[in-house]
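Report on one structure; see the data block that follows.
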Amino acid sequence: MGPAPESSEFVHRTWVQCENESCLKWRLLSPAAAAAVNPSEPWYCFMNTDPSYSSCSVSEEDFPEESQFLENGYKFVYSQLPLGSLVLVKLRNWPSWPGILCPDPFKGKYVTYDQDGNVEKYYVEFLGDPHSTAWMSAAFVGHFSLTLEAADCTKKKRWYRSALEEAYQLYRCSAEQRLEVCCLSKPNRAKTDTKAAVVTKKGMQVSKINTEKKRPRVRKRKRDAALKCSVEIFCSDEALSKENMVVSETEGLLKELEKMLQQIQEPTAREDESQGEQLSQCSPESPTGSPFQSYHEEDYIVPDGAGLKAGEYIEIITNNLKKIDALISEF
């Protein structure tokens, strides 16, 4: 604990940070020394007019707590940190946690002020996997330093490590680049969250807004067209194969009928010297609308040297015609 604040030692004095990446300590300057600092140029510890704190190897000087200033009638006023600043937030029962100052998606601002117009709270998106957000008192929010040593974290160690690693990566980024990382603070996310679901009194979810982008239907159409084409080709091939089989069977039956007709049309009356009998000749003529005319059951013909009744030939021909009709009816 440093000297008592009532000594006016800290009144009107200015804190300046050393820009040496291996130091980044804050030094307390007198009004005269602070007036000599050029804001557009980097400042280092060796430029400090106070020899006690003019080296990067010297620790930061102690500074009284805010409560001590309040007890002695002083008001602690915090300078406003810019939007997108990488900060370190003091938490209760947790180690100091890195975060980014970003706008509240509902209020649209990242800082609030008290009645006197001084900074009161900041909206912080805490880093790590996963991110989280909260409004924090300005008294607990300060600049993040690369010299920060990882504190002992008794719970959620992996979460804490991921937060520090992300902070180190974002340290050299611009404020705009850091704000791009703040996924929980996007204005459109607030609208999405408020319309995410409509729930009935019984707690049954009746509708949801699908925030995912719809997949293009072009590929589906192409896939359906290709599938339809392949099915049509398969069906046409199958039908063609079946048609060829039917045609082949029909041709076989027609050849058989043609052979039988040729045998019927040949003159069957032959001279039988031993018996003197003459067989009657069948001469089929095809009337309109019927492939064959009627035959007498008692007539005889001689195909291939065997004697058969004409009625049996008619029955064979009729059966073959029925088979042809059955094959044709399939189409």
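Cβ coordinates come from backbone N, Cα and C, glycine included.
Per Swiss-Prot, these features apply:
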- Cys18, Cys23, Cys45, Cys56: Zn(2+) binding site (BINDING)
- 276-293: compositional bias 'Polar residues' (COMPBIAS)
- 83-147: domain 'PWWP' (DOMAIN)
- 264-295: region 'Disordered' (REGION)
- 9-64: zinc finger (ZN_FING)
Shell of the Zn(2+) site beyond Cys18, Cys23, Cys45, Cys56, same chain only (C-beta within 8 angstroms of their C-beta centre): Asn20, Ser22, Leu24, Lys25, Arg27, Tyr44, Phe46, Ser55
Helix, strand and coil residues within the domain 'PWWP' (83-147) as assigned by DSSP: 3 helix, 29 strand, 33 coil
Per-state residue totals over the zinc finger (9-64) - DSSP helix, strand, coil: 11 helix, 8 strand, 37 coil
Which same-chain residues, if any, lie at least 6 apart from Cys18 (Zn(2+) binding site) yet have Cβ under 8 Å of it: Leu24, Lys25, Trp26, Arg27, Trp43, Tyr44, Cys45, Cys56
Within the predicted model, mean pLDDT of the domain 'PWWP' (83-147): 92
Among Cys45, Cys56, which are binding-site residues, the residue with the most C-beta atoms within 10 angstroms of its C-beta: Cys45
Surrounding CB atoms that lie within 10 Å of the CB of Cys23 (Zn(2+) binding site), all protein chains: 20
